[in-house]
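To keep things clear, I will list the structure first and then write my remarks on it.
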Amino acid sequence: MPNQVEWTPDARELADLELLLSGAFHPLTGFLGAADVAEVTARGRLTDGTPWPAPVTLHLPFPVAPGDTVRLCDPEGAALAELTVTEQAETGEVAGPVKRLGTPEHGPFARLRRGPAEVRAELGDGPVLAVTSRGPLDDTVLEEIKATAVELEAATVLLLPLIFGERGPAVVRDALRAADRLRQEGAPFGVTVVAVPLAPREAPIDLELREHVAAAYGAAEHFAAPEPVEIPGPPHRRGLVLFFTGLSGSGKSTIARGVRDALLERGGRTVTYLDGDVVRRLLSKGLTFSKEDRDLNIRRIGFVAAEVARHGGLAICAPIAPYAATRAEVRAMVEEVGGVFLLVHVATPLEECERRDRKGLYAKARAGLIPAFTGISDPYEEPDDADLVIDTTDMPVEKAVAAVMNLLTSGGWIR
Ligand SMILES: Nc1ncnc2c1ncn2[C@@H]1O[C@H](COP(=O)(O)OS(=O)(=O)O)[C@@H](OP(=O)(O)O)[C@H]1O
Ligand SMILES: Nc1ncnc2c1ncn2[C@@H]1O[C@H](COP(=O)(O)OP(=O)(O)O)[C@@H](O)[C@H]1O
């Protein structure tokens with residue numbers, strides 16, 4: 001009996017899924033299998049010879065078999081599509097056709113994210129100039145667009161703001177403003193704006209994919225607006241997550257509190273301290289110390305910290321966070337919103353933590369009274385990506401705090 005399971009793909013996969021379903025990735029109708037991925041990567045073609053620039057894949061962290069169906073849901077749990085599995089690679093990537101189940105409503109500008117068939121039917125006759133953009137359409141670019149449209153004798157200029165990630169809404173707003181301007185200036189062509197959730201790829205592939213999407217929307221010609229100029233804010237205004245990891249009793253909370261106090265004394269940045277105990281009492285109340293629950297605990301902390309960073313704040317977290325993959329997830333969450341993630345490994349050895357045994361937990365764990373205790377009967381994966389490593393064995397607290405403050409100052413994260 002084939003199985004049916006549910007899965008929420010990540011943001012990039014959801015964007016690809018929407019384009020597969022809408023027909024914007026024509027001729028693709030599903031996620032690619034290993035043979036197609038190999039051919040696309042090596043030669044820019046599918047195995048049947050059709051030109052296609054980029055692998056479009058879906059990772060599932062659990063095994064499925066050919067014939068199984070996977071119900072793909074958005075982050076809010078609404079069913080978007082059904083994938084019928086044709087194969088799964090050893091690394092987890094699944095291939096197979098997708099069938100629409102619901103209209104995508106997650107993410108901004110759902111109303112403007114219309115598919116090629118609907119848009120083409122509305123455009124009528126005459127050449128279409130499609131303009132894809134990932135940043136503002138300034139005066140110079142608008143003049144270029146107008147000139148190209150006039151030369152093409154375009155009936156329509158189709159502005160396709162490519163929305164993905166944090167910058168998406170601003171890109172759509174820019175396209176809407178550009179459309180208003182063109183209309184007000186009495187341009188000799190119609191202007192339509194359609195938002196397209198196309199996740200960026202490396203430079204040449206991104207451009208080729210944009211060409212394909214423009215063609216799917218019926219464009220006779222495609223104009224790729226120049227890439228936005230990145231002007232990151234000054235480091236002391238960027239969102240930052242200071243994440244301590246280490247064994248129980250290693251000194252995480254003591255150093256984290258010291259750093260928080262030092263930052264508050266200095267002023268200049270708002271600080272959110274996600275105290276481990278408070279997290280376990282409120283945010284993660286009821287969670288155990290199983291691997292699943294520890295991971296969930298860390299993801300929750302990461303989610304809140306990333307929200308703080310999104311708004312330019314500084315978050316300090318100090319959980320054990322024993323698993324490298326979960327710490328990496330938090331790093332990715334923070335970086336995705338434009339924040340900086342700094343990992344401090346409080347690497348005080350187990351012997352010293354156990355000697356301190358502030359809460360008497362190690363003694364209990366040794367006596368078998370606390371199962372799955374980190375370092376005794378549960379794993380701790382040492383980070384190999386720490387920005388700072390501190391062994392507090394023979395170190396006064398002030399010195400440990402100073403080392404972290406030094407890290408923050410040297411990167412310009414605080415002034
Ligand atoms: N089984 C087991 N393993 C490890 N730790 C345990 C366990 N049971 C309770 N405690 C107490 O919980 C604190 C660790 O919680 P965390 O939320 O930081 O852990 S984790 O990141 O979710 O692994 C930890 O506190 P700290 O000493 O502040 O690290 C312990 O006091
Ligand atoms: N340099 C140091 N940094 C942090 N803690 C230290 C240091 N030297 C000794 N300690 C002591 O080690 C213990 C660490 O406990 P705690 O900060 O609660 O660790 P954790 O949060 O990692 O479980 C405290 O009793 C603290 O006084």
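Just so it is clear, glycine is given a Cβ too, placed from its N, Cα and C backbone atoms.
Just so you know, TrEMBL annotations are computer predictions that nobody has curated.
Taken from TrEMBL, the feature domain 'ATP-sulfurylase PUA-like' covers 10-88.
Annotation comment: TrEMBL describes 238-391 as domain 'APS kinase'.
Secondary structure at Gly249 (ATP binding site), as computed by DSSP, is coil. Here TrEMBL flags Gly246, Leu247, Ser248, Gly249, Ser250, Gly251, Lys252, Ser253 as ATP binding site.
In terms of local Cβ density within 10 Å, Gly246 ranks first among the binding-site residues Gly246, Gly249, Gly251. Residues Ala318, Ile320, Val346, Thr348, Cys353 surround the recorded ATP site, their Cβ atoms falling within 8 Å of the Cβ centroid of Gly246, Leu247, Ser248, Gly249, Ser250, Gly251, Lys252, Ser253, which are themselves excluded. Within its own chain, Lys252 (ATP binding site) has Phe244, Thr245, Gly246, Gly276, Ala318, Pro319, Ile320, Val346 as residues 6 or more apart in sequence whose C-beta sits under 8 angstroms from its own. Put plainly, the binding-site residues Ser248, Ser250, Ser253 were compared by Cβ crowding within 10 Å, and the winner is Ser250.
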